[in-house]
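Some features that Swiss-Prot has for this protein:
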type    : residues                                               : note
BINDING : Gly31, Val32, Ser33, Gly34, Ala35, Gly36, Lys37, Thr38 : ATP binding site
DOMAIN  : 1-229                                                  : domain 'ABC transporter'
DOMAIN  : 289-352                                                : domain 'Mop'
Amino acid sequence: MLELNFSQTLGNHCLTINETLPANGITAIFGVSGAGKTSLINAISGLTRPQKGRIVLNGRVLNDADKGICLTPEKRRVGYVFQDARLFPHYKVRGNLRYGMAKSMVNQFDKLVALLGIEPLLDRLPGSLSGGEKQRVAIGRALLTAPELLLLDEPLASLDIPRKRELLPYLQRLTREINIPMLYVSHSLDEILHLADRVMVLENGQVKAFGALEEVWGSSVMNPWLPKEQQSSILKVTVLEHHPHYAMTALALGDQHLWVNKLEEPLQAALRIRIQASDVSLVLQPPQQTSIRNVLRAKVVNSYDDNGQVEVELEVGGKTLWARISPWARDELAIKPGLWLYAQIKSVSITA
C-alpha cells in the first residue's frame, strides 16, 4: 500500500496530494504537461523532497517532513524507468541488467529476461539497440533490484509508433505476471486504456479524479480529453462461453452477455472491453430477425445535449454504457431517466 499525504513546491508549481494506492496493478498518472505527474513520482522515488507531509510504502516511512525523515533513493526499494533508458553505454545488456541486481533476484534472472524477450540482446551494447529494446532492458534492470514499487515516467514517449507497438505487449505481459504495483505516468489515452487498472488525473498539482479506469473514463473529468466522436464506455467482463458452431465468444455483462469474435481466453477470464457511443443505437422493443448480435436491455440514467447530438447514459448490469443519438431520435423515443429500452451494439473492441 502506498500512502501519499504531502505537499511540495517547486518554483511556481505546487503539488498537493492525499490518496492511498493499493499494492497491486497499474495506476496511471494522467494529465497535461505541468500537471504534476513527474513531480509526484520524483517525490516518491526520493529525487525531490516534499516540504510537508508523509509518504509511506507498505508501512515503511519514506518521507516525514515533521520528523525530518527522508530516505535516500537507494534505500526506498522503488524502481524507476525514465523516458530515456539511461543504460550504461560501456556495459553490455547482461552487465546493465546485473548492475544493482538484488541477491533475491538471482534465480529470477532467466525468467525475467524471457518475459521481456531480451535473451538475444544479452551480449550486445546499448548503442546497437532500438529504442524499444533499450526500454525493455531498462524495465528489466529496474525489476531486478527487487523493488516494492515500480515507477514508469512515460516510457513510450520517446518511441515512434512501430516501437510503441513493439513494447506495449511486453508491458501488458508484465501486468499479468509480475506482482509488483506500478505507477505509470502518461498523457496517452491509448496507453492508459491498454495498461491501467486505475487512473489518477492531475491538474495544476491537484487530484481531479482517482479510481478504477472504467469509472474515471466515464466521468466528466475525462470529457476534455475524449474527442466527441470517441465518447466510449469501458466495461469489465468475463468470458462466459465459446459458441459450439461459430467463431464467437460470449462475454458476461451482469446477467446479460455480449458476443465478440472468438477469443483464445479460458472461461471465467477477466477482460476489459471498449464500446464507442456511436456504435450503440436504441430501440423501445426487442428487434426481430436482426443481424446485430448484441441487444441488451438497459435503463436510461440521463441524457445530455452536445453540439447537435445527444449523449445518453444507460445502465446495463450495474455498469454505465453510453449511446449517441440525434435530437430527433431522442424526441421520437421520448428518452427520459428511468425509461427501459434496448441497446443495439454494433461493435466491441477488447482492450485488456
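The backbone N, Cα and C atoms fix where each Cβ goes, and this holds for glycine too.
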Spatial neighbours of Thr38 (ATP binding site) that are distant in sequence (at least 6 apart) but have CB under 8 A: Asp153, Val185
Binding-site residues compared (Gly31, Val32, Ala35) - the one with the fewest other Cβ atoms within 10 Å: Val32
For Ser33 (ATP binding site): intrachain residues, at least 6 apart, with Cβ closer than 8 Å: His187
Sparsest-packed among the binding-site residues, when each Cβ's other Cβ atoms within 10 Å are tallied, from Gly34, Gly36: Gly34
Same chain, 6+ residues apart, C-beta under 8 Å of the C-beta of Lys37 (ATP binding site), given in sequence order: Ile29, Phe30, Gly31, Asp153, Val185, His187, Leu202
Additional residues surrounding ATP, by Cβ distance to the Gly31, Val32, Ser33, Gly34, Ala35, Gly36, Lys37, Thr38 centre under 8 Å: Ser39, His187, Leu202
Across the domain 'Mop' (289-352), average pLDDT on the 0 to 100 scale: 90
